[in-house]
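Worksheet for the structure shown next.
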Amino acid sequence: MMRSGRIALITLCFSIVASLAHAQDPAAPLWSLAIHGGAGVIERAGLTPAQDAAYRAALQRALDAGSAVLARDGSALDAVQAAVQVMEDDPLFNAGRGAVFTAAGRNELDAAVMNGADLTAGAVAGLTTTRHPVAAARAVMEQSPHVMLIGPGADAFAAQAGLEQVDPAFFFTERRWQGLIKALTEAGLPLPARPADVSTPGAQAAVAPPLNERKFGTVGAVALDSRGRLAAATSTGGMTAKRWGRVGDVPIIGAGTYASNADGCAVSATGSGEYFIRFTVARDICRRTADGATVQAAADAEIADVGSIGGDGGVIVMSLTGTPAFAMNTSGMYRGAASSTAAARVAIYADEP
Ligand code: ASP
């Protein structure tokens, strides 16, 4: 059977399964979305009321973008991409504009997307000129025979796919630059020259949290659409002062990002990538749900495991019935959820519902 025919058949099967599930439990949402904007040491005392409000408003905008897609019967893939792109454009988050800097003073961006309905996936690493890395990951998935592209080749592919290209200075923010200077100074490493064509110090400082924050600002989304398809997407600038072409868990399919209808789960992670890679966190959570665990139990168990070897961070997970799960071993994670049956809610601190 042709690939498009196969996909149409799989989609039809998911539609039937979704309507049967819904007939069994009419209270189950038709669609559901969960997002995150990074985990870490995020405490009430560390954010001013204005900063707290700015993050909540930014999360709400991302939820609104993804929900709008799902509410008009759009695909889970389109929804996770829409939500992630809003956060990539927001300098509050470590993804796209506002990404952290490498030790060499560059922004190198990683992203991934996965379609749970047919296990197709796309990923990019080390982008420097593509405005929306998640869109590049999607293009890799849909318009190339590959799963992962890196560096200048990945940017060239994205440009060829018609995706917006920007000057690397587009990603610069003063807050992240100062974060780099602080990290390099503390590590006794040489400071790179400040990029020439960027705004002056002080610009964009209005809602920036203080520089003593310790958090991972990666963004991600997981969704179930009205045809029963799951999808996941994640995007990041990685870790401040990363070196030697370092790539974290985000674009590694199965580590920071995974979705599988067959396993009944979609996952996006944020945290210390070096640990999340070693536990293949996202795939492992799906193995747990395939074995019968609820998404919350699977997420909690996995975060406990990755924490046992020193990994800090969190995950968002979506189930086949539209139940979202959040788990973290940090004091906070920027996050939110919305569905066809529940009003949108956003949260920051670990003790919030
Ligand atoms: N997981 C990301 C990485 O290691 C960092 C983050 O979550 O902010 O690249």
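In case you wondered, yes, glycine gets a Cβ from its N, Cα and C as well.
Taken straight from TrEMBL:
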ACT_SITE  Thr218  active site, nucleophile
BINDING   Arg246, Val247, Gly248, Asp249, Thr270, Gly271, Ser272, Gly273  substrate binding site
SIGNAL    1-23  signal peptide
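Structure with TrEMBL features highlighted.
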residue	record	DSSP class
Thr218	active site, nucleophile	coil
Arg246	substrate binding site	coil
Thr270	substrate binding site	strand
Sparsest Cβ surroundings (other CB atoms within 10 Å) among the recorded positions Thr218, Thr270, Ser272: Ser272
Annotated recorded positions Thr218, Arg246, Val247, Asp249, filtered by Cβ under 6 Å to ligand 1: Thr218, Asp249
Inter-residue C-alpha distance, Gly273 (substrate binding site) and Thr218 (active site, nucleophile) (nearest angstrom): 11
Pairwise CA distance, Gly271 (substrate binding site) versus Thr218 (active site, nucleophile), rounded so that it is a whole Å: 8
Around the Cβ of Gly273 (substrate binding site), the count of other Cβ atoms that are within 10 Å: 28
Euclidean distance between Cα atoms of Thr218 (active site, nucleophile) and Val247 (substrate binding site), Å: 13
In the chain carrying Arg246 (substrate binding site), residues 6 or more apart in sequence that have Cβ under 8 angstroms from it: Thr102, Gly238, Met239
Winner by Cβ contact number (other Cβ atoms within 10 Å) across the binding-site residues Gly248, Gly271: Gly271
Densest Cβ neighbourhood among Val247, Asp249 (binding-site residues), 10 Å radius: Asp249
